[in-house]
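Colleague: Grabbed the feature section from TrEMBL, which reads as follows:
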BINDING   B:CYS8, B:SER9, B:GLY10, B:GLY11, B:ILE12, B:ASP13, B:SER14, B:ALA15, B:THR16, B:LEU17, B:ALA18  ATP binding site
BINDING   B:CYS187, B:CYS195, B:CYS198, B:CYS201  Zn(2+) binding site
There are 2 protein chains.
Amino acid sequence: MSLTVVLCSGGIDSATLAYKVAVERKLDRLISFDYGQRHRREIEHAARIAAALGARHDVVDITALGKFLTSSSLISGGDAIPDGHYAQDNMKSTVVPNRNAIMLSIAFGIAAGAKADAVGIAVHSGDHFIYPDCRPAFIDAFRTMQQRALEDLWEVELYSPFTTTDKAGIVAEGARLGVPFHLTWSCYKGGEMHCGRCGTCVERREAFHLSGVPDPTQYEDADYWLQAIAEMKKTKGG
Amino acid sequence: MSLTVVLCSGGIDSATLAYKVAVERKLDRLISFDYGQRHRREIEHAARIAAALGARHDVVDITALGKFLTSSSLISGGDAIPDGHYAQDNMKSTVVPNRNAIMLSIAFGIAAGAKADAVGIAVHSGDHFIYPDCRPAFIDAFRTMQQRALEDLWEVELYSPFTTTDKAGIVAEGARLGVPFHLTWSCYKGGEMHCGRCGTCVERREAFHLSGVPDPTQYEDADYWLQAIAEMKKTKGG
């Protein structure tokens, strides 16, 4: 059974991955990163998911990097978070330069130090459009890089089962695995309640809708997602 | 002219790289990492090299990672630093799991955020034996991974001119470029003076000797290197 370290942001995708690993493999721990994100409360949600699984949860503080990466709207001090659907150009402001390469390479160092067999990441096809570091070509190249980096030392696999699954498919898989979706957090704005308007809230609402799984989330603006999708379709001519 | 961010540990190799970039390209800044290394004084030496070049110097604090990576003897809390030549098996304890992948991926994030064109790293052939993340196969795989990670966002090149040069060749190149070697620091033990006994001191002494460049360094034990090399040759049958 592959002992697996799971990157967990506290959202639906990585919570589902954590449950999948706990059921189908062997869960070493969840790792979350504090990179100075506005939506830092997602880290508390990752802790709740770890507690629900009885798993260890490590928070890796890389806030010292924040001042070098503030061009992203996701980081405190950056621009405002845009409203709308992910698949729109304004979402590019939510790109944190090289985020997945940074988090994964740290996770591989931790996994090698702990003699774990794998690092799990929940990238999925819905992120391909704006985030190059969520695409299959990146995942494959990262896997090769790590084989070279740890050659002769310790072999760590990159486990990425959702690379070609969309978010609705992940929600369906999560429902099958019994993921406590009410413990997960998506909103980029990091308020008391999910805003319902930012890219990740719209995507969350849409994924529950498409999968037919009941959405336990309370949104400040529960209806905006339909408008965002309509606007996105108009822009893309879809 | 490629605006280049240089990873600088304060040692001979990265100081020579910084001078090479300042002369042949365009130097954006030097970056050093505080990862809780015993030989933390190397960071002060990197600052002196930056000052000599009139360049910006950023220190990135990743000490939060130290507690996850303490199996290495390089990190405070790990095992004792071994004496001897690098090309011996006991030097494997100086491997920090995934160090170059972690430092490079952070540097690529910083370079992308700063719209720089390249990241420079001074890996060289003398490190190939023990450190897989200094080998050409790693460098090539890392370059490919970064092209995928930053696709459509910003292109950052990986500049690694010493990949197939040995340390004596770097010292010769440094002498040609006027590198102030007396400002550099190599010793892993991090005392007041270079110890002359650890792998990196032995390698430093040997590189000056082989290149014919005068060594301005004061060593606590200036003669141990000959013994270390003799022992290494005996073990390897070389």
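Numbering starts at 1 and runs along the chain as it is shown here.
Glycine is no exception: its Cβ is also placed from the backbone N, Cα and C atoms.
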Colleague: Out of B:CYS8, B:GLY10, B:SER14, B:THR16, B:ALA18, which of these binding-site residues is nearest B:CYS198 (Zn(2+) binding site) by C-alpha distance?
Modeller: B:GLY10
Colleague: By a simple count, how many Cβ atoms lie within 10 Å of the Cβ of B:CYS187 (Zn(2+) binding site), its own Cβ left out?
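Modeller: Taking all protein chains shown, B:CYS187 (Zn(2+) binding site) has 26 Cβ neighbours within 10 Å.
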Colleague: Going by a 10 angstroms cut-off between Cβ atoms, which of the binding-site residues B:CYS8, B:ILE12, B:ALA18, B:CYS195, B:CYS198 has the sparsest surroundings?
Modeller: B:CYS195
Colleague: Nearest to B:CYS187 (Zn(2+) binding site) by Cα distance: which of the binding-site residues B:ILE12, B:SER14, B:ALA18 is it?
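Modeller: Its closest listed neighbour, by Cα, is B:ILE12.
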Colleague: Cβ neighbours within 10 Å, counted over all protein chains: which one of the binding-site residues B:SER14, B:THR16 has the most?
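Modeller: The residue with the most neighbouring Cβ atoms within 10 Å is B:THR16.
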Colleague: Check the DSSP secondary structure of B:THR16 (ATP binding site), expressed as helix, strand or coil.
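Modeller: It is helical.
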Colleague: Please list, in sequence order, every residue of the chain apart from B:CYS8, B:SER9, B:GLY10, B:GLY11, B:ILE12, B:ASP13, B:SER14, B:ALA15, B:THR16, B:LEU17, B:ALA18 whose Cβ lies within 8 Å of the Cβ centroid of the ATP site.
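Modeller: Residues close to the ATP site, other than B:CYS8, B:SER9, B:GLY10, B:GLY11, B:ILE12, B:ASP13, B:SER14, B:ALA15, B:THR16, B:LEU17, B:ALA18: B:ALA46, B:ILE49, B:ALA122, B:THR184.
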Colleague: Using a Cβ-Cβ cut-off under 8 angstroms and a sequence gap of six or more, which residues of the chain neighbour B:CYS201 (Zn(2+) binding site)?
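Modeller: Set apart from B:CYS201 (Zn(2+) binding site) by at least 6 residues yet with Cβ under 8 Å, we have B:SER186, B:CYS187, B:TYR188, B:HIS194, B:CYS195, B:TYR219, B:TRP225.
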Colleague: Cβ within 8 Å of the Zn(2+) site centroid (B:CYS187, B:CYS195, B:CYS198, B:CYS201 excluded): which residues?
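Modeller: Filtered neighbour residues, in order: B:ILE81, B:SER186, B:TYR188, B:LYS189, B:GLY191, B:HIS194, B:GLY196, B:ARG197, B:GLY199, B:THR200, B:VAL202, B:TYR219, B:GLU220.
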Colleague: Using DSSP and collapsing to three states, where does B:CYS201 (Zn(2+) binding site) fall: helix, strand or coil?
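Modeller: The residue in question, B:CYS201 (Zn(2+) binding site), is helix (DSSP, three-state).
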Colleague: What is the number of other Cβ atoms found within 10 Å of the Cβ of B:GLY10 (ATP binding site)?
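Modeller: A count of 24.
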Colleague: Please classify the secondary structure at B:CYS187 (Zn(2+) binding site) using three-state DSSP.
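Modeller: Reduced to three states, the DSSP call for B:CYS187 (Zn(2+) binding site) is coil.
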